[in-house]
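S.K.: Quick paste from TrEMBL:
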TRANSMEM  B:12-31  transmembrane segment
TRANSMEM  B:38-56  transmembrane segment
TRANSMEM  B:62-85  transmembrane segment
TRANSMEM  B:97-120  transmembrane segment
TRANSMEM  B:140-161  transmembrane segment
TRANSMEM  B:190-213  transmembrane segment
TRANSMEM  B:225-249  transmembrane segment
TRANSMEM  B:258-278  transmembrane segment
């Protein structure tokens, strides 16, 4: 079976500084991979390199066996490589449903449609309604996103990604800024994702990491220092010293 | 042939230095405050009017009038920054464009009411009038004045940025405004001073460039593209870039005037559009350095 | 989603407003036609500024291109009006499409400056090509055939009024439809956050080129209408000052809501009409003050102001 996502030797340098240093990752279908590391370890940079938002200095990214290293971000996204942002990036002038609709429009490749056709509208509405229900946002559908509480905005951020029906989903601190009491909604939603999907998530909350991850990658100074199952990582001396020691939360 | 080339290069240099003086403040406000200021040319016009009035009405000597004109432009800019412009930092670009275009219109109208709609000459002292013999070519002394004042401004800018406390604060604020604020730098004051100094330099450029860009009410609109072009081609935020761009565009337009008068403007714009199609972020794109 | 009757009412607003204005100013039909034509141009500008979020000071380039194209078409090819409109729209779209390929790679101040530069290059070319365009004297000497072979253009602008109103109505209704299509929504999303759309697989550059070209086509259409009804095309139709003026109209009414374009054009043109006696210098001061006041105190323009008052009266929160 081909891996969903295969990152080989991925490198990025700014000037002389290597912010991403020969990173290798392999994501199998169904995997829930946590990307952890201290602040400034280059986790978000790595996500940007994988999606193509940043151009890599070297190395390759393969998506479902195909080399996408040379493809621009939108093309990778259209092939099912979808990410969310650490700081919520919603379409600020729109309602919740309209935000999800933008995702649906792109998923169904209708962004050039200049006619309102009933069949197309129905398909878009259905996709939006499904995600709204999944995230329990149905009664918020017509609320402008600018009026939502931050926790709900994070849900919409996730919703935009879900409506894209990704094959590989990269979540950049999905629960960041969300009150503890609400973070379970986001984690439940991640839990409900289709089985064959591959998820990479950046997370600082170790409880969440150990609850959801099937695999943990530890990134320090742009390099992977260790990869393993949660129990392996928990037992790893180097990780304890470098990561938990330095940046104890 | 060689003499034509020399003429183009010398005139182009003088013109380029004028463009640089007027535009350098614009590139700093854009790089520093992310503020799109279409009204910047107004400060050059203010300088021109101030110098012309001081010389003809009060009989102030040229050099003193030049300095006073720069100060007047700087003070008016400071007043505008404190009263209106400071509220526009961080507002959407469209709002900044609209507000400053509004200021341009107000400036044009006020200039027309106060000074009439015709060109206002900035009279030169006898010493600077007429032509100078450079050995291989005779050229108007005025151009030499423009080039010299331009070079002195360049030196002053370099000293200001590199050798003063203000320069350090300015560069720190450009690199990271929030961090600079946390270090106790009064970023508001840095913005206001940078804006005002940029306007004063523009005022200087307006006076010494009055022969090349005549002072009239429509000045800020007529030469708007020219000043914006210097900033865009040089790379917004880059002082060095705008120097190079000003010299480049100044030389191109001067060459156009010598070789194909009547098509100089088209030539200039086409060169500029080509450069920007090739490098949309300008020749010297730098995110965080002046 | 607006309800069905509201939508129909919205569609009927343009002809209704036209009829009311006609009843108020029965002897000013040529002037009303001018308002309708300008409204089409400002609608096209709203597409770029309000919906795509791109600040431009060069929109008159497409209007002028359409006007000259329609004038030349009537002079040298065929003086039939409707095909002339198509010629004008095509000219506007071609100018917009060709320049968009260059423009849409730039942003911010550079973009703005390039829009000005492009319209000035066009201005210079038209002004230099006297033999074709008439240069400073303008392009004139063409007469139009009756519209659809039935309605003759008349000296009082009666036909001009109905003709322009009809085109405005069609443009307005089509744009209202366009804004709620997937394409229209994508354009708005790009305005809100272009990078986010890219992360969803959207091609930001291509969408911007398409919407700019479309807008240029509509601006060209307005230019063609102007050429046909006034039967003179002047250089000022290409000027940056005119670009700035239509931007003022749009901002006065409110960007990003087609209503704003209509209200802004109407209010601005009517004030301009009555203020024509005061000298142009004071007029400029007035426009400048309007811009500053709106940006500082009423972002969103008159339609936003009306919405706020309406919300206050009905005790609801503003949209």
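Cβ atoms here come from the backbone N, Cα and C positions, even for glycine.
Help me picture these features in the structure, burial and contacts included.
M.R.: Long-range contacts of the transmembrane segment (B:97-120) within the same chain: residues 36-39, 41-42, 45-46, 48-49, 52, 80, 84-85, 88, 214-221, 224, each at least 6 residues beyond the stretch ends and with a Cβ under 8 Å from a Cβ of the stretch.
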S.K.: The transmembrane segment (B:12-31) and the transmembrane segment (B:140-161): do they have three or more Cβ pairs under 8 Å, with pairs 6 or more apart in sequence?
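M.R.: Answer yes: the transmembrane segment (B:140-161) meets the transmembrane segment (B:12-31) with 3 or more Cβ pairs below 8 Å.
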S.K.: How about long-range neighbours of the transmembrane segment (B:225-249): same chain, 6 or more residues beyond its ends, C-beta under 8 Å?
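M.R.: Distal contacts: 12-13, 16-17, 19-20, 22-24, 26-28, 30-32, 38, 40-41, 154, 157, 161, 174, 268-269, 271-272, 275-276, 281-287, 289-290.
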S.K.: By a Cβ-Cβ criterion of under 8 Å, what residues six or more beyond either terminus of the transmembrane segment (B:190-213) are in contact with it?
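M.R.: Hits for the transmembrane segment (B:190-213): 14-15, 18-26, 28-29, 32-33, 40-41, 43-48, 50-52, 65-66, 69-78, 81-82, 85-86, 89, 121-122, 140, 142-143, 145-146, 149-150, 153, 157, 160, 166, 169-170, 173, 180, 219, 223.
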